[in-house]
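Some features that TrEMBL has for this protein:
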TRANSMEM  106-123  transmembrane segment
TRANSMEM  143-161  transmembrane segment
TRANSMEM  173-193  transmembrane segment
TRANSMEM  225-251  transmembrane segment
TRANSMEM  263-285  transmembrane segment
TRANSMEM  305-324  transmembrane segment
TRANSMEM  357-375  transmembrane segment
TRANSMEM  395-414  transmembrane segment
TRANSMEM  426-449  transmembrane segment
TRANSMEM  455-472  transmembrane segment
TRANSMEM  527-555  transmembrane segment
Amino acid sequence: MEAVLQTRCLLSLPPNPTRVRVRSLLNPSQGLKQRLFASKPLGLSGLSLSYKEVPSFVAKPNGLSPKGKNFICKAEAAAATDGQPLFGETQKPKFLGIELVTLKKIIPLGLMFFCILFNYTILRDTKDVLVVTAKGSSAEIIPFLKTWVNLPMAIGFMLLYTKLANVLSKKALFYTVIVPFIAFFGAFGFMLYPLSNYIHPEALADKLLAVLGPRFLGPLAILRIWSFCLFYVMAELWGSVVISVLFWGFANQITTVDEAKRFYPLFGLGANIALIFSGRTVKYFSNLRKNLGPGVDGWAISLKGMMSIVVLMGLAICFLYWWVNKFVPLPTRSMKKKEKPKMGTMESLKFLVSSKYIRDLATLVVAYGISINLVEVTWKSKLKAQFPSPNEYSSFMGDFSTATGIATFTMMLLSQFIFDKYGWGAAARITPTVLLLTGVGFFSLILFGDPLGPTLAKFGMTPLLAAVYVGAMQNIFSKSAKYSLFDPCKEMAYIPLDEDTKVKGKAAIDVVCNPLGKSGGALIQQFMILTFGSLASSTPYLGGILLVIVLAWLAAAKSLDTQFTALRQEEELEKEMERAAVKIPIVSETGNGTFAG
């Protein structure tokens, strides 16, 4: 941080000034070109002059001149020492070069983010185990859950949240939202799951299945295991509500822009550390069954242990939030706030269609959501076939989360090198390329697994196990590329746009493309299941759809790269022109006694 010394003085001009010499005030050893286009700011030896004309009384050697118009001269000098405080300011205490006030914010925020992500990983792995391995259910339930249960509840929550935000303070709103989550997960582990055999309408679901046929296994499973589906939705909402709305809203409230630029990337690395540790926790509790006697429900014991940790972490989040609000001063903000334009669905669609740049960016978002959904659900159906026991399934998901955290952590360290060395376009194409290559391998093993059986047997694997491992690799590499490259690319693409397009385009993509990407894959799978009877029967068609979508994704990324590069070059040219447009004021007296610059 460069401190600026400012001295102000009132100067009177000679009776008949014809020109004010500016050159003598600057370093005479430097030429004009070097002074105007120097890349470094002037040190204490250089002065930056600015002036304005004001009517005033100014003391002169021969008395006062009430009619003269004089100039206020301001001299500024940049201090050479970084971090030197301004005149009148006391140096704030620091630790390791960081102000203590900043550390009091960043450390609790980092711990909050760790606890939230730790819980999210446990909940994400557990929700899949519950709905996929439950009796009378399968992975085919997931598309129906995402479309007909998760989406309506998410919309309902946001409507309720908007109403509560109008009547509650920010602190009360935070506790009102997070406490029901903590209470539900605790109650599920110790009450709802042990009572699941009594509260699930198994007989009714069996009768309806006999009437409607096996094609309706997915929708009827929602009724059959309704408490597990409720857990699935609450776990999904923890990711979108507690992470996106509560945490990032609070972080943006208490940090300055400079602090955010410096410390927000570190939160991403911390999130992946949480992923690694929580994966090991899931693995540990999933293996408890091996040490239990016969007749004991090992999964119920594991679930109680994991939900206890979720509750403790949730209480830690509440404590950290209370501590920051009580002991950390909030930064002062400008009262003026730019309102984000509220666009309806039809307005958003019209805006998307009108701009090629926004269209390509929307294609990236939708294509990722559909592609990852098509592969992930098919993979989870194979995962259940390989690991039918809840504990075995959960143990594998623990290893999966740990591997995802390690891969993402590594990719985040490499992402800066990729951006610097190969640019935005190469970084934007890595995610679809990884998803396409691993997706081809995954679907090939499913479709042509039998001929490959003898070869795979030499490595001690069956075609099913090989498909599970390749699908896991596909998910790990796709998600690590998404977190480290796709998300930064998407946000960077907004930067060179003009302010109006930037704000409206982001609003349009938030309203239309995110839900479309998440639900698009689920709708395609529902259509395939109802048409062909099962996911296994529709696998060849899902592979063909994946290929078409990823190719469209790559084409949009290439087109967007061309437009993005052109906009960046235009922006750089404008900055160069602004830096070059430096004017030295020349003041002269006109005939009527006034001054002209």
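Backbone N, Cα and C define each Cβ position, glycine as well.
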Seg_contact(the transmembrane segment (527-555), the transmembrane segment (357-375)) with at least 3 CB pairs under 8 angstroms, min sep 6: yes
Proximity verdict for the transmembrane segment (357-375) and the transmembrane segment (263-285), three or more C-beta pairs under 8 Å: no
Proximity of the transmembrane segment (225-251) to the transmembrane segment (455-472), 3+ C-beta pairs under 8 angstroms: no
